[in-house]
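Now, the feature entries from Swiss-Prot:
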- SER42, PRO43, THR44, GLY45, THR46, GLY47, LYS48, THR49: ATP binding site (BINDING)
- CYS145, CYS163, CYS172, CYS207: [4Fe-4S] cluster binding site (BINDING)
- 852-866: compositional bias 'Basic and acidic residues' (COMPBIAS)
- 7-302: domain 'Helicase ATP-binding' (DOMAIN)
- 847-869: region 'Disordered' (REGION)
- 151-167: motif 'Nuclear localization signal' (MOTIF)
- 250-253: motif 'DEAH box' (MOTIF)
- 883-889: motif 'Nuclear localization signal' (MOTIF)
Amino acid sequence: MPVIKLKGINVDFPFTPYPCQEDYMSKVIECLQKKVNGVLESPTGTGKTLCLLCSTLAWRDHFKDTISARKITERMGGAELFADRPMSSWGTAATDGDTPTYYTDIPKIIYASRTHSQLTQVVNELKNTSYRPKICVLGSREQLCINQEVMRHESNHIKVHMCRAKVSSRSCIFYNNVDEKSTDKEIVNSILDVEDLVKTGKKQRVCPYYLSRSLKQHADVIFMPYNYLLDPKSRRAHNIELKGAVVIFDEAHNVEKMCEESTSFDLTPHDLISAIEAVDRLLREQASDISKADSAEDFNVESLNSGLKMDITTIAKVKQILMDLETAINDFEMPANNQGITKPGSFIFELFEMANVNSKTKTETVEAMEQITGYLAGRPGVFLNTSGLQKVADIIQLVFVAEPAEGSKKSQTGNSLKEFKVHIHPDNSNFKKKQITDVWASSSTKKQGNVLSYWCFSPGFSMQELLRQEVRCIILTSGTLSPLSSFTCEMQIPFPVSLENPHVIQRDQIFVSIIEKGPDGVQLSTAFDRRFVPENMSSMGNTLVNLSRVVPHGLLVFFPSYPVMDKTLEFWRAKGHADRIENVKPMFVEPRGKGTFTEVIDGYYGKVDDPNSSGGSFFAVCRGKASEGLDFADTYGRGVVITGLPFPPRMDPRVVLKMQYLDEMCRNKISGVKYLTGQEWYRQQASRAVNQAIGRVIRHREDYGAIFLCDHRFKSADARNQLPSWVRPYVKIYDGFGTMVRDVAQFFRTAQKTRPVPVKKGKAEGHENQADTRLLNTGSSCLTKSVWPSDIYQKAKTLDAHVPSLKRRKLDSEEHSGREGAARLCIQYEMEMTSKRKPVSLLDALDDTTDKEEREDTMVGEERASHLSTLSLQHDKRLDDESRGGKRKIKVVQERETVTSHTAKTGKAFMMELRRCLSHENFKLIMEALQSYKTADNLNNLLATVAEPLIQDHNTHSLLRGLYQFIRPHHKKEYDERCLELTGEGCGYKQEHSLSREEKEALRHNSVKAEIPPVNPPIEQLNSSRLLNQGGSHLGTIQLNGGEVNVRSEEQKPQTSIKEGPSCSSLLSDIKQAIGAEKTRQMFSALQAYKTSNNYEQMVSTVVSLLTERDEDIALLERLSVLIRPQHRKQFGELLKSLTGNDSAVVQDSDIGSSQQLSYLEERLNARYRPSFHECC
């Protein structure tokens, strides 16, 4: 490996670095040597992670050599150990004036990133270097525990208490082996990520969680998610020592948000009620046991249950605290506008004082709550929700985290809480409070509860806390930190070292365009007053239709928010824009839930990889999962469209208070401290979200792509200045849409000719965990190559379950049977099922009165997303199941068989998920309730039984909604309403769900009778100008007995040459009919100018913009080719090819010269529209 010398440090690097990489490593070393903080931005694909690791570890080795040289010098009495290498050259890293003396002075490196998947990628990069430090990766029990008795529980806090109980009693065989295995050299000297730790733990029968904590003591580099550092409770729980450590935050664009959220909370009425109920249940049991005692002499409270070491009075005190806290919160009268009440941060202590919780009582209160939680969590029998009680205990610790045991009033209300606000507002959730008959069980069951919010508005609060721990330095780095000035202001700590690195790509690899107006001339905007205007949404749809034609392979489209995306897609479906996009690039929509994300993204990847497809389009939101961590390298992201500026919700109380806080800080103007104004922060939030979405494309040095900013507000200098520094030089604003289309088509033609084709990995090689690996931030080395997935088409069927209105027309015509099944699977939204099968599982049998078609129809909208999320159909598991054959095998032959096969599996898959998520007792309880419902047909009894175990934990709400598929038709509406009351979300009920199977059959039979039979052979109706596998409409309009039968409207077959003069008359008539008189006048003015000036560029930009607003007008553009002069025809033909994707769209020489055609056309115009050609139309 090459050795590069930077600032006196020899850095081993895997290859010769680029100048931008050397600059980056120099800045890192400068921070380490001078003990100063740094903020470093380097675009994805520039090898940021590799540079960070190599420079940091090289400096650490040099630091260690400094100590070695000093010790040897002392022993040698000043003599040189090697004549040709003076000891002064061994290590002179201490340029900060310090002279390290002991090896214990060597700083630990704490490397934090947002998620474990990103940390896994970093660890894999470390394996590619020559450095072999001792490392450990810290994770939660959720990721690392291998004890099945603990992992079978639903809630994370229950797993924590179960684990602690087993550890304290030494009943966990895996924990008992930790001491022995933690010194194993094979483990200590290996570089293990989370997955490797789990594999090692299972193989060696040692607990990975406690093994990682043991390895931490002697590790040189400690990897962890950055909430472990920023959350004081987590930092204390993991015993993270920060003094003298180097702290690195990778992917730091989220640090600002995490800093605020780690010290904030929202306490809802539901949390308090569930906490009171849990303590009340225990109190009743203990009181009952006392009453059963034979005599007072024989009574011993602790002997009632050896697991609970507290008396009944302590339990009663805890309950009283909870009730007093609930009363204190709910006693506030809300203002008429229902906006809530805001208090200073110090008010939180007054509020808790009302419940007798203060700095003196906090410790015993928290210990009592955690002991109760631990006891209830480990108790066998019916599950009792203790999440609310655990949350209250965590909140008390958070509020009093900085308070000493004997804290004074002054310390509580001092200047340190200026960053916090207390906000009390009505609970507007759909959670319906359960009525409690015991008057002592809740103090406010008759009134709507209030939510207590305690919000931090300064990320600098957490950053300053890290500095108080005496860290050596803090380095923040990411691919998108721009604008840097506002970012550093928010952190409120000094950053003497900063860097905005350029990209390693060349000019011909990036195309950036600000699109102010759509092809129809309507200004594009997602401002609050414009976002849902029909003309605006239509223009945006037309823009995307055109871009989908010229951008090859994968196209990414980002919306400002989910509501904007949902309403826009609904409009496009109703008006036909979505169908036109589908014809070129099948649409895949980012789901809100986590469960189906892998399914949808795999479908998108598979469609892009399909050699018979023109690619796919992926619709997502800024700040969503796809915009944050997904890799769309190479063909998966050739273009990214930003449909607007994603400003935060302006009237949200937290946003309003944040802006007020910043404005207040600016007015007070503390010397030496710079604050953003509220408006600057508001704009920065939108800019940073845009920059993060832009970063999804151009992921390595050979990648290329286009960025389209589709909002007129991007034209402002302020908006452009907040774009990443590597993007700003290439931004171009176009006056005409047609000119932009021409340039981007030329850009991709050039790039495809000059850039190497991405290396596609084989099916076996690139198949495993493809979706998970793309969640990692690949491209950390500029040698990154894309990983191509295998074709996984059947998963894409769920892509639009998340937008209720997006349901594609049923493809039940015989003409579709010859179409490629895989392509149809990717674009289908809804399908009719016709094959009848016997019930294949118990749950199928329970609802034998409802056929499988109804099951598919009942799961619509958000409910289908929730249902699928419970199936946990991870990529590997699906592959394994399908490879076994039998009834689980999906044979992609024709659509009906595939859908039937999938639906037959849903009952069994749901049953498996129910069994996996619930305890054995609760699963058995629900199955008995379903059997009873089958025989008694009593919905109330069913709900009374199944609701209790399924509504306690938010994670199991989707299971309650998932049972909707087994509810009989006459109960579906009521069940949907009850689910809405209990979980805040319905099941997607539609009126047709209440129809019985017989009623549905009758409706279907009547609709079949009403259908018009084909009047001509199918071959006569097919339009050969569009490939059938592109998913578009393809049947034309036919005449029958003088009347018109509209089968499926479609444009005429394009003509490539016009040999007769009179054809110009027909062309003129067709154009005027298609685009109207005004636009026809504009077009022929441009053609007349072309005839006289021979200015092809000016003519084509006008003509293309006018004739690409609708799909059917493309044929007219092709017919205009006869008017193009010979020297321009090749160029015009390439433009047509890029717009249509049709190789046959080649401009032929006509028998009549183009000048003659233009003259003839002018004559026709003069004859029809007097007085002159220029005043035509």
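If you go along the chain as it appears here, the first residue is 1 and each next one adds 1.
Cβ coordinates come from backbone N, Cα and C, glycine included.
Long-range contacts of the motif 'Nuclear localization signal' (151-167) within its own chain (CB-CB distance under 8 A, at least 6 residues past either end) are made by residues 140-142, 145, 175, 209-210, 307, 370, 373-374, 377-378, 383, 386-387, 390, 917-919, 953, 955-956. Mapped onto three states, the DSSP output places LYS48 (ATP binding site) in helix. A distance of 46 Å separates the Cα atom of THR46 (ATP binding site) from that of CYS172 ([4Fe-4S] cluster binding site).
Taking the centroid of the Cβ atoms of CYS145, CYS163, CYS172, CYS207 as the [4Fe-4S] cluster site, the other same-chain residues with Cβ within 8 Å of it are ARG141, ILE146, ASN147, VAL150, LYS166, VAL167, PHE174, TYR175, TYR209, TYR210. Mapped onto three states, the DSSP output places CYS163 ([4Fe-4S] cluster binding site) in helix.
On a Cα basis, CYS145 ([4Fe-4S] cluster binding site) lies 36 Å away from SER42 (ATP binding site). Per DSSP, the motif 'DEAH box' (250-253) is made up of 2 helix, 0 strand, 2 coil.
Listed in sequence order, LEU144, CYS145, ILE146, ASN147, CYS172, PHE174, TYR175, ASN177, VAL178, GLY201 are the same-chain residues six or more apart from CYS207 ([4Fe-4S] cluster binding site) with CB atoms under 8 A from its CB. Of all the Cβ atoms in the protein chains shown, 21 others lie within 10 Å of the Cβ of CYS163 ([4Fe-4S] cluster binding site). For CYS163 ([4Fe-4S] cluster binding site), the nearest neighbour among the binding-site residues PRO43, THR44, GLY47, THR49, judged by Cα separation, is THR49. CYS207 ([4Fe-4S] cluster binding site) carries neither a helix nor a strand DSSP state and counts as coil. Taking the Cβ of LYS48 (ATP binding site) as centre and 10 Å as the limit, one finds 28 other Cβ atoms among all the protein chains shown. With a 10 A radius on its CB, THR46 (ATP binding site) counts 27 other CB atoms from all the protein chains.
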